[in-house]
């Protein structure tokens, strides 16, 4: 049973007088452990041997994935545990979370319309009552199964300590209650509280997201001090501005007061927007046109606030968050070392039991053949498994001691060196010469130069034909040029395949990219010839099939321009930048996930608060043959306002348009227009919502992403500064968050590992 002790001293798997009663009651596959200082043998029965191998496999998988080892370790629980963390269940759970989040696009108010502009938007498609509710209850059942399984695996004691699982129960329960209310009201419920709960399911499914959220919570006090200083700066200049631009007797000199400093809320919002530079220099023009000295006020405000306090806030966010993230990564490394140590402990008895001469020395070690069995069953990347097995097979004495066992898993922190397949061998001197020539580095340079020439030709023709209509264009020259270059690309690809062989050619990622686009270009060119025949001067045939000749030529040109990206792997700095972006997508998904959660929550709140608040002034268009004809409207619009700028599609009338509007505010360009519009159509208190979103997205998250991009790029640059372009291409940098902070992480001591193992709720050490 998982509650029986696992010992670090000599272990006796045989019968023990004190445990005979318990032995009869236990499971036949339960492993019996007892402490024996002078034990001279260690006996492991067949069923017990399979159990400890299974335990070692699971502990190593926990270490690889930085998971906690505080879970049940009996045979049935271990099978359930591996199934729970299998790719099938985890992908299924991720798909379920994606589906339940996507329901917001279908539910009322539905986003199923071709436009979000209320002037032109037709009535959207509304799902029948019970459709989205049926999908949602299936998702909630899956969440309930996930919750039950996870709670059982960690046990009651651990469950009571886990706040996330307790909140998980409350979230599922509240969602079911709200779902029941929706059905009881025949789906006519506008305020669906469970929409606000759904992002929690995304958060709780990622340990790194939870760590990130915890880091943000701990960082908030330090951020609050700078925000308080920023608020003081804003209030001080607001008071000075209201005094400086007070209403005078001459109406012609009251432009600044009337537009930007009429009252306290208007003054605060005007200077807050100036802090983001969104209304600069508009906010100062009325006063500046009267006296150039007024510009000093605005320059001092934006200079100190925007360029000092805001950048100071960025530095503090980065520094404090990085410190707390480092602490979280330290905990992850402890989990990895603890999992490896636990695997060693459950395997070490057999190593002593098969060699009685060493048992008296109490040297902890594991058998090589047992290690090979375990590594063969562990779910991990194949190249890591091969590297570890290769090192195990090099051990000659048949046993592995703790330090050697721990060092085996240092392979997990190493870069994967990609070895290209050997080149094919040819007997023909001609083929050998062609292989030598077209595998040379200069052939790649020539290919890049040809691709550049192709792009320059397209650019030249586009400039010459920029003012011409489709009927006036002559596609003959463009088509002849494209034919020549596509033939060259085809020849280059064929000769590279000849030089490297199929496997060697496909082992280079830029060759896959290049070859795929070359095949697409060839297929398109053959389609053009089959549809419109061979080109000739003044070649402008009538449109046939799905695409006109001009559309097909444009598609070919776009693919040629995209193909020019093949130069990226050949320039070291560009290759590093590109790989940094790829790593950000792959390895910093936790930060993007929390940003999705924040977007989701604010979009739902925005719909609750502002749905239908802005109404279009009458139907402004008539649909005729898929075109829109404007109708004259008799109403006045202030210059630079929401109405005059035509920002009607930016609204909170459905979930999709809410996300777009929140993104536009996050960019902060003209965000004051949206804030002003919703203030006029609702209340002054709506500014609280927009300012909160600006602080959360633009100040907090954008700065965090910038900091993490810098951290990721600096990490990769430091590691590749001594490498050539070929080495960068061959090295598959596994840039995880843990590796980014690897040099600052302190290895846990042996005492810390043993202490943690003693605290395991299901493997009690004595």
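Just so you know, glycine gets a Cβ as well, placed from its N, Cα and C.
Nobody curates TrEMBL annotations by hand; they come from automatic prediction.
What TrEMBL lists as compositional bias 'Basic and acidic residues' is 18-27.
Look at TrEMBL and you will find 95-321 (among others) tagged as domain 'Ion transport'.
According to TrEMBL, the domain 'Ion transport' annotation covers 456-713 (among others).
The region 'Disordered' annotation in TrEMBL covers 1-28.
Non-local neighbours of the transmembrane segment (88-106) in the same chain are 112, 127, 131-132, 135-136, 139-140, 142-143, 146, 195, 198-199, 201-202, 205, 600, 603-604, 655-656; each lies 6+ residues outside the stretch with a CB under 8 Å from one of its CB atoms. Per TrEMBL, the feature transmembrane segment maps to 88-106 (among others).
The transmembrane segment annotation in TrEMBL covers 165-187 (among others).
The list of residues near the transmembrane segment (223-246) in space but at least 6 beyond its ends in sequence, with Cβ under 8 angstroms from a Cβ of it, reads 256-257, 260-261, 264, 267-268, 270-272, 275, 287, 294, 297, 300-301, 304-305, 309-310, 312-313, 316-317, 320, 695, 700. Residues or ranges marked as transmembrane segment by TrEMBL: 223-246 (among others).
Under the heading transmembrane segment, TrEMBL lists 294-318 (among others).
What TrEMBL records for 441-464 (among others) is transmembrane segment.
Taken from TrEMBL, the feature transmembrane segment covers 512-532 (among others).
Counting only same-chain residues 6+ beyond the ends of the transmembrane segment (552-569), those with a CB under 8 A from a CB of the stretch are 447-448, 451-452, 454-455, 458, 475, 478-479, 482, 485, 489, 509-510, 513-514, 517-518, 520-521, 524-525, 527-528, 531, 575, 578, 725, 729. Annotation comment: TrEMBL describes 552-569 (among others) as transmembrane segment.
Positions annotated as transmembrane segment by TrEMBL: 590-610 (among others).
If you look up TrEMBL, you'll see 688-710 (among others) marked as transmembrane segment. Among residues of the same chain six or more beyond the transmembrane segment (688-710), those with a C-beta under 8 A of the stretch's C-beta atoms are 216, 223, 227, 272, 276, 310, 313-314, 317-318, 321-322, 580, 584, 588, 591, 594-595, 598-599, 602, 605-606, 609, 662, 665-668, 671, 674-675, 678.
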Tertiary contacts of the transmembrane segment (590-610), as residues 6+ beyond its ends and Cβ separation under 8 Å: 101, 104, 109, 191, 195-196, 198-199, 202-203, 206, 208-209, 211-213, 216, 651-655, 658-659, 661-663, 678, 682, 686, 689, 693, 696-697, 701, 704-705, 708, 737
Surrounding residues of the transmembrane segment (512-532) on its own chain - C-beta under 8 Å, 6+ positions past either end: 479, 482-483, 486, 489-490, 493, 505-506, 539, 541, 544-545, 549, 552-553, 555-556, 559-560, 562-563, 565-566
